[in-house]
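S.K.: Before I ask anything, here is the structure I am working with.
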Amino acid sequence: MHFSVRLSLFLTLASSLPLVSAVPQHEDQAYTFSSSGRSAATDTDPALEVRQETQRTPSAWTRLRDSLVESVWGLPQRSEGCESRPRNRAKTVSRAPATLQARYGEDVVLRFTIKNQEEVKALVEASNILFLDVWGSHDDWVDIRLSRDVIPSLLGLLPPSLQTSHVPLIRDLAQTIYESYPKAGSASPSQQGPTTRRFSPSASTSKSKPHETKNIFFQDYQPLSVLLPWMRLLVSMFSSHTTLISVGTTAEGRDIPALRVGVHPTNNAQQAPRRRTIVISGGTHAREWISVSTVSYIAYSFITGYGKSKSITKLLEQFDYVFIPTVNPDGYAYTFSTDRLWRKNRQQTSLSFCPGIDLDHSWGYEWDGNATRSNPCSESYAGDQPFEAVEAREIASWARNEVTVNNVHFVAFVDLHSYSQQILYPYGHSCAHLPANLENLEELGAGLAKAIRKSSRENYDVKAACRGIVASCTGDKDADEPATSSALESTAGSALDWFFHDLDVRFSYQIKLRDRGSYGFLLPREHIVPTGKEIYRAMVAMGKFLVSPHVLEEDIDGLRASEEPQDYDNDLEDGEDDKDEQGSTVFRAQADDLQS
């Protein structure tokens, strides 16, 4: 077609189209709260408005115009072997579905800055009166989830200093929750349940660094329907030193699966010595997904590291490791199918509309459920008696049986939680009761924190558990006994204290994982591998300490660059990475088959 004819057609088309003018958006408004009413201004995100604009269906004129332009002018040919420059398009964002909007649409998470014990006490009392969900706390802050409509009531119960000392941590809880679900398949409760969830590499897998794509399992949070086959696959591939066991049965009848990893003498004539065992658990609170992924990461690293990493091989010859990815399978499954922020188990209580018991408050040592006995709706409900929670009772029975029947000596217990980056040691129920081996607990705790810091530069505080869930104040932080009224939640009846006191596990810790910043329990999937790496490094340091305490410091300081977590199997010695390729390739191929 002659150029003049093309130009005439184009000008004719252009003259018939409506004029559109670009109007700049107003400046972003601040998101503030007032004790006298709802939010003073709704949060306006210009970038979001642009993204929403790009998602609108093009008009008939626009489609006709584009079609004519393409037919008249043609499209530029793409060069062989290289990509054309991508168009400058705004990134589209999928919005949270109606089911999530209905459940969480009016909820936000506020972070309060705490300056003294009086403020702590006032915040605790107000939270109890309004039945608020206290997410977490650290030395000088407390995070609380609540509905926007409740904000005026909360601020009205607080002293003037707290009415202005807060900021929104999560402004759009429904959207943040929606984005936390696995990307592959369906992971949101608005679509299909966890039983039909299939895992596959994320869209960005091909662009990731090589050491970050060795196992697609850790590219996202995995539901129970993927976790269990993955554990079976590990056992089938590494049966020489890995077995799948059950440590109990849940309230809904599910097994509580665990991986036992260790190398035992092959000489049957030789009497087996008492086996030293380390338990690493996660998922006690269902919504703390990062704890499940981290236990799985450590288990995978230990299992695949045997025979290739000198450190791991030595540790597995010295100890058995029992990895329990989720102590609370019922609750964990429920977070994928129904309520992402569910905390307790799914056991029936005296109130049919308030099911669930807090597993970490149901253990027998220093159980004190009086504070929540009359309120099964409380997030910290401990039941009406010790060990009323089925899962806590089952795991305690398994542990006792291991000691009395199977000649097991538990030497360490590590319970992973989130969030706030803290390493906590006994006791949790009271700061007045000091452990007999306090110095050893503090020494190893400091070693774990240092190993993490050397691995990822992340800082984890080391303190007694009784201080870990108490918002510290500007007074004497080393006082022997913090005011009991300042406890943000009950600390009695914890697994940490029970294993330490009743089972005599001398090195018991609760580690609160990432982060301290903006995500709370909704840590993005990009943090799965970094968190796993740093805690894996800490568990290697713990094993070395238990083998020979005096070498811990020099081991951490003397880590060679090749041993830092730059590779996926991050404890490999020089020259050992290549030896892992064949075995890891076979395992990855089997894992790929699992999704089909």
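All positions are counted from 1 along the displayed chain.
Keep in mind that glycine also has a Cβ here, set from the backbone N, Cα and C atoms.
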S.K.: In Swiss-Prot, the Zn(2+) site includes His285, Glu288. Which of His409, His417, His429 does it also list there?
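M.R.: My reading of Swiss-Prot gives His417 as the candidate in that site.
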S.K.: Can you give me the same-chain residues 6 or more apart in sequence from Arg287 (substrate binding site) with a CB-CB distance under 8 Å?
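M.R.: Non-local contacts for Arg287 (substrate binding site): Thr335, Arg340, Leu341, Trp342, Arg343, Phe521.
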S.K.: Around the C-beta of Asn370 (N-linked glycosylation site), how many further C-beta atoms are within 10 angstroms, looking at every protein chain?
M.R.: 11
S.K.: How many other Cβ atoms sit within 10 Å of the Cβ of His361 (substrate binding site)?
M.R.: 28
S.K.: List the same-chain residues at least 6 positions away in sequence whose Cβ sits under 8 Å from the Cβ of His285 (substrate binding site), in sequence order, or say none.
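M.R.: Non-local contacts for His285 (substrate binding site): Ser291, Asn328, Gly331, Arg343, Lys344, Asp358, Leu359, Asp360, His417.
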S.K.: Would you give the longest CA-CA distance, in whole angstrom, between residues of His285, Ala286, Arg287, Glu288, Arg343, Asp360, His361, Ser418, Tyr419, the set recorded as binding substrate?
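M.R.: Maximum Cα-Cα distance: 17 Å.
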